[in-house]
Amino acid sequence: MPLFALITLAYLIVGGLVTLIYRDNPLHLLLEMAEAIPFSLLVFLSLGWWVVPLFLVVTFLFDRKTMVTRLSRAILAVMICSAMFLMFTMLKTTMPFILPFWADPWMADLDRALHFGVDPWRLTHAVSAWINPELAGTIYFTAWLLPCMYLPVLIVMFDMDARRFRRFILLYLFSWIVMGNVLALAFLSAGPIFYDRLLGGDTFVPMMASLQEIGFAGGFLDALSDNLWAAYESKAQLPGSGISAFPSVHIATATVFALYLYERHRAFLPLSILIIATYQFLSVYQGWHYAIDGYFSILVMIGLWVWLRRREERSAPRPSPATDLPQTPAGSFSD
């Protein structure tokens, strides 16, 4: 927990300085961020109500002192996650003030090349008859929020392995800060759903028309994309606002959660694969991301996870060879 708190504190300080440099009226924006923390806590409670009875069941396995310690650490983790996410949002909305959106044409061309001249969204829409648009939105957003935004809270409450906690805190922070801010700024892109609004033309007009035909017209996806675009145009600072496509934080955090499930038990491997595949598919299907956004995020997060595990294995203390030798019983002789 100290590592999580220290890195987040450093992130808040650096993020605040970036905001001071690049935004008009930055103090007002910082106050807006602070005022939004209670709202973020309410979001956690509304989505994570089921954690409370589950935690109460788990507490019967531990003594009262352990229960109180875990609960207090979980509350602290909720506050740290909320503060980090709000700073992430602020930096995400600040990125267009630092660099222009430049990478969309390159991403769209690369996507097409990787899929043999076909836009990936066309491949996903080929199976739209078997997909419920409302359920797709619920899975992609609502089901994602708690395990991916607040993964440290779940680990604090239900995991006693300190090394695993440290490893997944690093993965969690990397997915949000490095993937979502540093690399997103370097390859600033808006995604297919905003491509034509941003650059003009009709490159993704067929995709938008297809989305309307398969049931997204007037629904959650329409409203969310319009709100995000309105916030971008008005330079507003709202929780969850900001436009960025590459790399996909959504897929990166879903991959981290899937890896955590797999580490807890190898039997979760099929579920972990299903989680990653589902979010990769839906990110393209709904137009939020180019396929390359998710491919890159998946490969980077799995690669980092493998590297962290191997690094821990190499640094783990090994028993002395002498302790592995069988002991000769007292008073006996060996040949």
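Heads up, the Cβ atoms here are built off N, Cα and C, so glycines get one too.
Range annotated as transmembrane segment by TrEMBL, chosen from 3-22, 243-262: 243-262. Away from its own ends, the transmembrane segment (243-262) comes close to residues 92, 95-96, 103-104, 107, 140, 144, 147-149, 151, 155, 168, 171-172, 175-176, 179-180, 183-184, 187-192, 194, 228-229, 232, 268-269, 271-273, 275-276, 279-280, 283, 288-290, 292-294, 296-298, 300-302, 305 of its chain (Cβ-Cβ under 8 Å, at least six residues beyond either end). Two recorded stretches are said to be in contact when at least 3 C-beta pairs lie under 8 angstroms, sequence spacing 6 or more; the transmembrane segment (267-282) and the transmembrane segment (74-99) fall short of this definition.
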